[in-house]
Every structure is written in C-alpha cells, then in structure tokens.
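Now, the feature entries from TrEMBL:
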DOMAIN    7-111  domain 'ABC transporter type 1 GsiC-like N-terminal'
DOMAIN    123-312  domain 'ABC transmembrane type-1'
TRANSMEM  18-36  transmembrane segment
TRANSMEM  106-132  transmembrane segment
TRANSMEM  144-164  transmembrane segment
TRANSMEM  170-193  transmembrane segment
TRANSMEM  250-274  transmembrane segment
TRANSMEM  280-304  transmembrane segment
Amino acid sequence: MGSWMEMIKAIIKNCGKILLLLFLVTFIPFFLLTYLSNDPAEVALRVQTITPTEQNVRQMRSELGLDQPFFVRYVEWIRHALKGDLGKSYATGKNIMGMISEALPYTLFLAIVTLIIVFATCLVLGILAANYQNHWTEKTLRMITFILDAIPSFWLGLLLIFLFSIKLNWFPTGGAVGLVSVFLPALTLSLAYSSSYIRLIRNDLLQNKQLPYVDYYFTRGFSKRAITKHLLKNSLRSSIVSIGVSIPRLIAGSVIIESVFAWPGMGLLCIIAIRNRDLPVLQAYIVIMSLFFISSSLLIDLLIKRIDPRLRERGR
C-alpha cells in the first residue's frame, strides 16, 4: 500500500511539469502549422482541388475560423479537443478523431507483436551469447547485431518484402489482409531494435555471473540451468525496463515501416497527411503522439522507481 501511495505522491509532484508539457505539445504544433506553413485556407482549397481565388480563400478562412485572433482559435481548438473533436481532414472531410480511432489499434497491435518477437528472440540469443562467451557462437551473434545496427530499417523492410513476398510468396507485400500481414512489418521492426537488447541481456548476465552468490550456488551443487534461472531473475529487471523505455521510440520508428508495408496505422496516416498537406490531421498526430510519449515516460519512470528501491529512496 505504501509503495502505491508513493507513486500517487510522485504523480502529484510532477503535475506542474505535466501541465507545462501538455501546454507545449498543444501550443507549439498549433503555432508552427499556423505561421510556418502556407495559408491553411489556401492549402485546404488546393487539397480539395478548388482554385484559391481571393474570394474562395476569404470564404474558406471564415469557414475554418482563421479570421479570428490566434489565441481565440487556440482556446477554441483546446475546448473542442477536450470533447474529443480534433476537427476535420482537409483532404477527405472525415472526422479526425474517427480516422485516428481507426489507425491507432493497428499501430498498437504492430507494437505488441514486435515487442513479443523482440523479447523472445533477445532472451534466447542473449542467454546463448552469455553462455558461450568468446566462442564462435557469441562472435557470430555479435557480428549479426552489428550488421543489423548498420542496416536502415526501410531497406531491411524492402529486402524482406523481396524475399518473403515476391520470391517465396509466403506473405502479402503490404496492407492488413489478415493476421499474417503483421508478421513482416513486426519482424522488420524487431530486427531493427533487437541488437541492443541482445547485448544488454548478455552483459547483464555476465555481470551477475561475477557476483559471490553464483559461486555459492556452484559449491552447493546447483545445476547450470538452475543458476541461469537465478541469473535471469536479476538480469531481466533492467532489460524489461529498457524495453519498456523504448516503446515510444518503437512507435515513432514505425512511421517509415508502416509506409513501406502500407500498414494502416498512425505512421501511414502521418505520411499521407504530409503528402496531402493535411494540416489538421498532422497537428492531431503530433499532439497525440506527444501525449503518448509524455504518459509513457511518466509510467516508465514510476515503474523504474517501483522496481528499484534505491531510486525510490533517492526521489524522496
């Protein structure tokens, strides 16, 4: 009960920072897309293939509320956003919240499948690399991880499409036409992010092997498998936290992969909005992803403090 109270106190303590961040992630995109881009009314007309004459621009500015002062428009946007109304797309006229509610589950599903692949492969390969230190097995794994670090994720995605979709015809080239469609984009993302976690698990296991309790277990006649289980309990703590920390980075990195595989998630929605210069959709994407980053960072920070008592004591 005490630890949960400490977490609640930490949330209250950080409320000021959270409110400031919430203001910044809503105000900055609104400001930039208003003043650092072309006239939104003219953009809206061009997207709708309407000639941007002076009269049409004036009428569109009135329809979009652009004839009002900046702060009035900002407050109105916030008021509507709090009700779940993020406006309408210039390109399609659809409700933006509806577009996001359609795309977000695909991105979350892709992220979950990717994390499962990352955790499973990194656990096995990390243990293998630690148990065969300085062996050819460990050297081969090290070389593979360095190669994966050097390969751009979009190039890796195109390579997997060529091999498994075009040549072998095992998977669709893109889109979401069933559960099997998620495999290639998830595999691409997992290969792009796995190498650092393989090294992390390997290094944690090797460090824990140097601790005195390992020698004690050996003298007591524990099997190598039993000792590895004990080592994993201590090593996986930091690995799980590190994988959790990378979730926002993973979702942000999925923008390119979703575009390569035509996966109908938030990343593809963002790419299409940029291509169409669909400013309201782009603004909503930036705000929602920023809010996701902030909430994820806060939850992960609380999780780290809950897992590691030393950090909890330091934060008091």
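Cβ coordinates come from backbone N, Cα and C, glycine included.
Caution: TrEMBL annotation is automatic and unverified by curators.
Within its own chain, the transmembrane segment (250-274) is flanked in space by residues 89, 91, 99-100, 102-104, 106-107, 110-111, 114-115, 153-154, 157-158, 161, 173-176, 181-182, 184-185, 188-189, 192-193, 281-282, 285, 288-289, 292-293, which lie at least six positions past its ends and keep a Cβ under 8 Å from the stretch. Long-range neighbours of the transmembrane segment (170-193) within the same chain, counting only residues 6 or more positions beyond its ends whose Cβ lies under 8 Å from a Cβ of the stretch, are 106, 109-110, 113-114, 117-118, 121, 148, 151, 153, 156-157, 160-161, 164, 246, 250, 253-254, 257-258, 260-264. Simply put, out of 18-36, 106-132, 144-164, 18-36 has the most Cβ pairs sitting under 8 Å from the transmembrane segment (280-304). Taken together, the residues in the domain 'ABC transporter type 1 GsiC-like N-terminal' (7-111) have a mean pLDDT of 78 on the 0 to 100 scale. Applying DSSP to the domain 'ABC transporter type 1 GsiC-like N-terminal' (7-111) sorts its residues as follows: 76 helix, 2 strand, 27 coil.
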